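Here's the structure we're looking at; comments come further down.
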Amino acid sequence: MLRLFGRWAMLFWLMAAALLLPSTAAVADDGYDLWLRYRRLPQAALDQVRPTVAAIHWSDSDDVRVQTAAAELNRATAQILGDTPSSTATVPRSVVLGTPGGSPAIARLRLDLRGLGDEGYLIRSTTVDGQPVTVVAGNTGAGVLYGTFALIQQIQLGRPITGITIRSAPKLKLRVLNHWDNLDGVVERGYAGQSLWDWWTLPAFKDPRYTDYARANASLGINGTVLNNVNAKAESLTAPYIAKAAALADVFRPYGIRVYLSARFTAPMELGGLKTADPLDPQVAAWWRAKADEIWRAIPDFGGFLVKANSEGQPGPRDYKRTHADGANMLAAAVRPHGGIVMWRAFVYAETDPEDRAKQAYTEFKPLDGRFADNVIVQVKNGPIDFQPREPFHPLFGAMPRTALMPELQITKEYLGFNTHLVYLGPLFAEALRADTGRGRSVGQVVAGERLSGLAGVANIGQSRTWTGSIFDQANWYAFGRLAWDPAADPDAIARDWVGETFGTDPRLVGPVTAMMAGSREAAVDYMAPLGLAHLMGTGHHYGPAPWISDLARPEWNPVYYHRANRAGIGFDRTRTGSNAVAQYAPDIARRLANPATTPEPLLLWFHHLPWDYRMQSGRTLWAEMVAHYDRGVAYVADLRRQWAALAPLVDPDRHAQTAALLQIQEADARWWRDASIAYWSSINGLPLPPGAVPPEHDLAWYKARQVPFAPGNPK
Ligand code: BDP
């Protein structure tokens, strides 16, 4: 081996591996290893893999990301093959990593890397000097890193690694996690413990977990992270916090991950002592320019800012009678000299606006199409309201052809049972990205076609040993990353990969667990908010059912605002006779949604107020259909429990027990949602339960009295 590659002056990456790898000792199967669970393969698989991938890999590149890749591959193969690296030094085959620009070894192979862009990769079985090798190449170190993780995945999943050619490149440029982490360590809508960022001990102490976080993200192709909450504190832009962010950026850089910060619009007043934050005031613009310069001095590859403005009490340009474009463009000018970007959120609504909340963002942003600077990307939640179990796609997608838009998904399950419910979000994400805009392209295609493209996901990560508060919530982080790489990817195939990497490839386990995950989101919709209902949860915490709430100060924070149930019927009329939100969609879509008969049933009550005896496709009345959905949701969860129990022999005891316990909570919660909802709807419609339906366990007063004190993630 040494003789073979010696003349290419290759570097021996084992030393680097020892230096680069985090020292965190993995405790057996507590979930810490995520999907990067490099367990020894079964003997038959080992015999196949070992000759091709020895635990020593070579590159002559000095790109830090290629070095990271080599270190990761060494770590993976050493653990998977169960060998110590030195004992395999004589194995005469291996993997060569690198870029043509940085690695003479790769350059000599004259690989066709066209079309792979800055981040794509090629994995190829080939020969060098008559010796078989596996080559992982990209145009940049980032591509090599992603290709290496893809090769590791092949090995983990027992897929062939000889005779292969795998080419892949991301469809979206910005693949970004949004952490809603506060500087005091509390994570808004976080269900996995305190923030991963220990701001108190940064920048001096770089917790090894930061490196493992970066590894996990890089393995999915995630290339950016916004460190702090969109409900931002100005302090995150002070020198001490910039230094802390810089320390994190140093850890993430070798993994191809850039750091971004949420910016508070009034920071020039709070930190700079200015009298205004008016975006058209020259002093304000100068303050932001100087701030950007200061940040880039500390973090040379800083990505830019994320801004929540004029939403839920946050300050913004509207306070100065300026538009969102004025605000975004002022910041964009400040970051432009550094190649930075501004992600400007369209999650904007106001209680002072009597218009249907579902319409407000479109009304505000659509007229601004073409007015945003070219380094601004407008970040739009997948649906028009707020990360509900099911929403139609946001009408802004496809409606702003001269503006770059990036969808924002919520990975943390604020409205889907926190970390206690097993709800795999792959199908929700895919549904949002595949939605037909009525303009010849899906949401995913619209955004992938932008010159600046991206996908944001509100992170579900905290200090929990499982990272996400449960094993199955890891799959949601995973699915987000995979869909950010390829918005057209199949969520079931993603789940299958995750199960294989997380629990092992035993088909007796992979099939059933993938199937459990596949229907779990629909089950949550069924037991929480069937047929297009939304926003029925308890105030503040957003955990359990409270469709009866009607006394909150802001009208659009009350569930009754959304379901509009009365003796005659239920649902929000968004057709011409109501708010006419349907008119915000492309004509074909609008026409279909304007008529209950052509509205997809899963969205029926989002768009229509219908009588309780409205005839559904099943032949049932609407009321009977609603009850059937509640029952179906509860039955699915009961079934999840049974299936999981049966899998005990195939799953390690710790991870099995934790999941079993959470499923028990979920089943009780699903019944709670069903019973409380049915008790409430019956009190409104005065109808008897459909024949055969089991009455709620308690009366409505009991459900109304039930409190959810100290629920996690609820901002005070
Ligand atoms: C809502 C959350 C709130 C967030 C807000 C947002 O309840 O905590 O601040 O979204 O996205 O869903 O800004």
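Note that Cβ sites are derived from N, Cα and C of the backbone, with glycine treated the same way.
What TrEMBL says about a protein is an automatic prediction, not a curated fact.
Record features (TrEMBL):
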SIGNAL    1-28  signal peptide
DOMAIN    34-151  domain 'Alpha glucuronidase N-terminal'
DOMAIN    155-467  domain 'Glycosyl hydrolase family 67 catalytic'
ACT_SITE  GLU312  active site, proton donor
ACT_SITE  ASP386  active site, proton acceptor
ACT_SITE  GLU414  active site, proton acceptor
DOMAIN    468-692  domain 'Glycosyl hydrolase family 67 C-terminal'
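Neighbour counts were taken as the number of other C-beta atoms within 10 angstroms of each residue's C-beta; across the active-site residues GLU312, ASP386, GLU414, the minimum falls on GLU312. DSSP assigns GLU414 (active site, proton acceptor) to coil, not to a helix or a strand.
In the predicted structure, the domain 'Glycosyl hydrolase family 67 C-terminal' (468-692) carries a mean pLDDT of 98. GLU414 (active site, proton acceptor) and ASP386 (active site, proton acceptor) have their C-alpha atoms 10 Å apart, to the nearest angstrom.
With DSSP classes pooled into helix, strand and coil, the tally for the domain 'Alpha glucuronidase N-terminal' (34-151) is 46 helix, 23 strand, 49 coil. Here the Cα atom of GLU312 (active site, proton donor) is found 12 Å from that of ASP386 (active site, proton acceptor).
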